[in-house]
């Protein structure tokens, strides 16, 4: 985010008053070694304004420079500097009849002038409450992050321990200085601001370590300062854990090949930047504290080809690194890439028509599938019977063999089921072209399948293929061992072993308690475990029309390290679903893949991994078996204490992923993150990383819903929030009892917002009709999505894109003036809006990014010229109810919007489907449903939720 | 001194309890092996699961004997354990074979430590009842 404070770093951990107050000028300030020199320090503001800001942490009027943050191009926005904060009581009592009268802020400002724009009540489509986000921006001004030592003497002449009036000011200034300021949530409803959004940074004593610490997008801890003991953690009531995205596609990854990989002799930790070098021959492990010897060749620096300086080694310069493993890391020769595709060709599957799309995508991207010359593919179709395709060499076309005896499946022609892709590419292509036609035709008579049983045209229990696989594996594993099975399933398997019964009661979809989140049988789990033992992962594409018992079937992916994709109500007649499936399947086929992988998480002595979350099989207390690892899978781990960390200054987590890449190379990817340890409860609370906490809580809640029930999980969310604020109140020594305030550290200010998003999410909501399969899939996503996508899934990003359009217009004018302007000028940073209808406005266009879906909401009164330029239509009436895809219009506005969407899609596995929703369209419900801050029939609004939390906080 | 049904019951109980003690020791060792990364959870569960029901049935059988010969006190000290066994088996994870332990969840720290604790407590209970059964046997042999 290009906010004014980007580039500034938090100050050192321990305040040094002498340093802070010693001198007023930057130049003469002593800068001892290791101290950060702040760059990008804004010029000192005038003292009066400064003290005012300090006085009223929450209520200060925005400093003029806030205007730089907000693109001042919005016509209906008053000049930010002139926009005063309205009195909170007035604001809230007007909006919410239930609100209580607030205590005045300790040092009330002189009564602010009447605001120019009153925020409309939520739920109304009024004009954008221009003041609202701006106000907040000012309340936690950019200075909140920064360090302005040179300003301190002005605002606190009495020194750090002075007793005069400015003490309070100084304290507040300090707390902001150290990122420890608090926010009263009750008074700041517009909490989603650039000041609260970014996670707290990890502050280490060593600047170099800080700069190379593992990227937060790969590994993130829920607390950026680790409490030194379990009792301190319990006092904070925060969950301790890490969320990790180990196989993420990264741009610059140092890959090194060396004969011996330096590891600790005792705990087998890989050498990392956070180890301590005793001397040039010894290093001390940072996880178990054993002193190890350095091999001689570690002195050699491959980059400069010189000897002597160990600190120049890539292992010591990067906390994410990949080793090419020598042969002792292999139990057997690296396996080739093997892919087996199982297609459901029952009549329901044919009606949905997914097979055409799947075969077409497969055919097109056959060459892009990762793998070397040994890559093998195979295809099997199943309905009541199992159809194998033999593509042996010498055949002109694939031979189909149908297995009628599904009770005792066996493998006909085991030698030609899986064929080398390179050698038989023509045959494979031929088969892929024929498959859709083949079964479209076979189903025409329909008699034979119809007699299977009334209503169960579908056939083939999964067992036939599972058992087939068991046979198959004996064969294919002999020669190659392991690979990937992709299962396309379109309805409930209802034949043979592994047959399932419909369990969902459609009339009970909005009931308070949800049954059947557990698998009905352990058949699929056992199958998955068996696969996992043979290094086979099963991925599931569920394209169901009706209930298909996701909870049970997804077991084949959950325990074998696979992934699940769900396309409910897939129909070939719905182009958007086809598009969405195509892009998803394309990504699935072409993304990187790691075979026969294991991941081990090591922690500094005193900590241990308590529970793992994700799709894998836990093989020992810290080892995950991942038959396949893919770049879109995230994992979570809860951490618990074994002993206290009193002696440790920092702790580390190291995740090492050993895998075989598609080229048959054994590799180890190592991520190490280092975090400081603290003994102070307030510091723990202030260093909490809300997003990671939400990531971990959601995973824990899924476990809770499955093990216990959904309402338990929902209660746990609410209790967790209450407990955290209670703990903070105790940590801050705030008076107990009702005060009308809900004081939160800035780091945890967004917790209720996200928790409410979770409570209203399809995975955990009650009272709204949710299909069981959708709910189970949503829960599965909670467990497996990497954190950045999970956040979009839980709390979609909402933007008002007017500023983009105005930006495009302005640049249009300017580019007319000089044509040599760069095409790729940076887009303006759009502020994120909270998910409330109060921000909606009939004259603007909004964009909501939910991860795999981007919704563009077009207000009723958007000016026709804007519509023309962006969407190529003259009035909103021209938009249909369900419009997908952004139209191509040759205009700057359209171009800018496309670039914006491109940027949103940048980190996603595949680009999101764009849906355009007109204000009066029937699809509007989908958009409104995601506005989780608002009230619905069965759930609280954000403010009511806050009231509830506040009432419970003692 | 007479050899009656009560004395017979206690002798059978002693032998049965010795087996139960072995079951408990095996249970503790098995989970310790899991904890120390010595065995694969799938194998370990496969070896543990068939033993769960025999243990429970043996325990219930001993208590049936107590019931028939009217040893109310011995029965009473065992009833909580029977109730726990029944509760435990009713709340077992979804699985098709007999047994309690699911290889996918058995390595969760909570489950592991709970199973470990359960093993130790059961071992203690069986040991104490072993000595009580000796007392009961001697008592019944000399009382008449």
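Including glycine, each Cβ sits where the backbone N, Cα and C put it.
Look at TrEMBL and you will find A:1-167 tagged as region 'Disordered'.
Taken from TrEMBL, the feature compositional bias 'Low complexity' covers A:47-59 (among others).
Here TrEMBL flags A:78-106 (among others) as compositional bias 'Low complexity'.
Residues or ranges marked as compositional bias 'Pro residues' in TrEMBL: A:107-123.
According to TrEMBL, the feature compositional bias 'Low complexity' maps to A:128-158 (among others).
Summarised by DSSP class, the composition of the domain 'Zinc finger Sec23/Sec24-type' (A:261-297) is 2 helix, 12 strand, 23 coil. Here TrEMBL flags A:261-297 as domain 'Zinc finger Sec23/Sec24-type'.
TrEMBL lists A:334-588 with the feature domain 'Sec23/Sec24 trunk'.
Residues or ranges marked as domain 'Sec23/Sec24 beta-sandwich' by TrEMBL: A:594-678.
Mean model confidence for the domain 'Sec23/Sec24 helical' (A:689-792) is a pLDDT of 90. Annotation comment: TrEMBL describes A:689-792 as domain 'Sec23/Sec24 helical'.
TrEMBL lists A:829-900 with the feature domain 'Gelsolin-like'.
When each of A:261-297, A:689-792, A:829-900 is scored by its Cβ pairs under 8 Å to the domain 'Sec23/Sec24 beta-sandwich' (A:594-678), the top-ranked stretch turns out to be A:261-297. Residues of the same chain lying 6 or more positions beyond the ends of the domain 'Zinc finger Sec23/Sec24-type' (A:261-297) and with a Cβ under 8 Å from any Cβ of it are 208-209, 212, 308, 310-311, 315-319, 323, 325-326, 602-605, 650, 652, 654, 656, 668, 670, 672, 674. For the domain 'Sec23/Sec24 beta-sandwich' (A:594-678), residue counts in helix, strand and coil come to 0 helix, 60 strand, 25 coil, using DSSP.
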